[in-house]
Amino acid sequence: SIQDFSKAMSQAGSSQFQEVIRQELEYSMKVELDKILATAHSNEIEHTKKDLEGFKKLFHRFLQEKGPSVDWGKIQRPPEDSIQPYEKIKARGLPDNIASVLNKLVVVKLNGGLGTSMGCKGPKSLIGVRNENTFLDLTVQQIEHLNKSYNTDVPLVLMNSFNTDDDTKKILQKYSHSRVKIYTFNQSRYPRINKETLLPIAKDVSYSGENTECWYPPGHGDIYASFYNSGLLDNLIAEGKEYIFVSNIDNLGATVDLYILNHLMNPPNGKRCEFVMEVTNKTRADVKGGTLTQYENKLRLVEIAQVPKAHVDEFKSVSKFKIFNTNNLWIALSAIKRLQEKNAIDMEIIVNPKTLDGGLNVIQLETAVGAAIKSFENSLGINVPRSRFLPVKTTSDLLLVMSNLYSLNAGSLTMSEKREFPTVPLVKLGSSFTKVQDYLRRFESIPDMLELDHLTVSGDVTFGKNVSLKGTVIIIANHGDRIDIPAGALLENKIVSGNLRILDH
């Protein structure tokens with residue numbers, strides 16, 4: 001088992017012995033992968049081979065690396081000019097001919113994720129967010145609005161996974177007449193490995209039925225290889241495209257920003273950035289987000305998983321590391337091509353342990369797209385307003401974006417002018433609200449939240465029509481009790497508990 005293996009490693013301590021063990025593991029892995037490949041049909045062999053080759057490289061690196069991959073002593077604060085305030089970028093204004101810079105842009109959305117954490121089957125991008133519009137609808141509307149306003153041709157590229165590809169392609173037919181060219185490519189499909197034996201749990205290439213749990217998409221760091229391998233990268237370069245803007249499809253704040261694009265296309269010092277990461281200031285809610293640091297004279301993204309245990313609290317501190325990565329990234333296409341061809345994109349491996357339904361412990365090896373920042377030349381952080389980071393990970397987030405805190409315009413959500421302060425209320429909905437369908441059933445209409453600071457809801461609670469919430473509202477239905485907030489109710493600084501006893505807060 002792994003424990004015995006690591007014990008033996010530390011006792012032996014001899015690099016020779018470790019090397020022998022590594023070679024044995026790698027050889028066993030190769031044998032198993034060859035067996036899997038042998039089960040592929042002729043039309044699958046090509047891409048299955050590419051996937052398994054990519055996995056082999058990752059596995060090789062996994063065996064080489066030990067412990068957290070950063071040397072804490074080398075971490076420094078980034079130099080002043082390496083993270084620019086958005087205001088400074090914006091102050092440069094826009095070029096006369098916006099269309100000329102827009103026509104060099106491609107929007108890429110990371111669309112590999114399922115809506116399982118919100119109790120939905122199928123791609124997360126197809127969950128309704130606002131007036132029946134899904135994440136995907138809003139994305140298409142935003143780009144269509146850009147293309148119409150400036151008479152441009154900005155395409156949308158979706159990076160799907162084998163989990164989301166079929167459903168996404170079916171739905172794309174509905175946009176066939178919209179003014180956005182939409183392309184898709186697929187992330188790799190890698191085998192999950194048994195935590196004890198470090199061998200794949202799949203016996204053949206199929207990934208349907210009982211085999212769905214044997215495979216996984218290896219994180220969004222896979223974008224570089226799979227974008228390149230799909231041939232789409234070369235096609236877009238041939239069309240004269242120069243930059244991609246990459247973001248998570250569930251981040252509703254990640255709209256195309258013309259000021260950042262102009263900064264990339266017309267850099268003030270004449271030297272173009274190959275990689276821009278949008279960062280934003282941490283609040284107490286963001287202590288786990290990856291942060292930008294200076295490391296061996298390069299900007300480097302450090303994630304919490306890479307931090308040695310003794311320094312985790314320091315990493316989480318809002319005072320030392322003030323910013324975190326929003327995963328809104330602007331990357332030069334030519335640089336991706338160059339680095340991919342040299343096999344020079346270096347991303348730390350994230351080991352993601354999972355327990356399958358049957359109780360088997362597996363690990364999946366992943367990488368993160370932003371971690372590649374250190375491989376690019378002349379990279380830059382831009383400290384953007386919090387409004388560019390509006391991810392919807394839970395139904396609590398969904399409640400915020402569906403409410404009157406935001407208004408929807410051409411697919412973009414902006415905070416309502418009527419909100420007195422620019423921060424979002426803190427909302428915590430209990431487990432009865434986790435699944436989207438339960439959540440929707442519990443609100444007859446979304447409450448007025450313009451003056452809300454904090455909402456906590458726990459237990460069996462429902463909301464009637466036209467409820468208003470202000471200040472701090474805490475609603476707790478005890479086990480076996482049910483609380484129905486009546487239609488038209490105004491709750492301002494209230495604690496509601498038991499069977500609807502309303503107390504002043």
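Using N, Cα and C of the backbone, Cβ positions are placed for all residues, glycine too.
Unlike curated records, TrEMBL annotations are generated automatically.
The annotation UTP binding site is assigned in TrEMBL to LYS124, GLN187, GLY219, ASP250, LYS393. Positions annotated as substrate binding site by TrEMBL: HIS220.
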Rounded inter-Cα distance in Å - LYS124 (UTP binding site), the residue listed as 'substrate binding site': 15
Alpha-carbon spacing, HIS220 (substrate binding site) to GLN187 (UTP binding site), which is rounded to whole Å: 8
Which same-chain residues, if any, lie at least 6 apart from ASP250 (UTP binding site) yet have Cβ under 8 Å of it: GLY113, LYS124, SER125, PHE135, PRO391, VAL392, LYS393
Distance in Å spanning the most remote Cα pair of LYS124, GLN187, GLY219, ASP250, LYS393, given for UTP: 21
Most crowded position, judged by CB atoms within 10 A, among LYS124, LYS393 as binding-site residues: LYS124
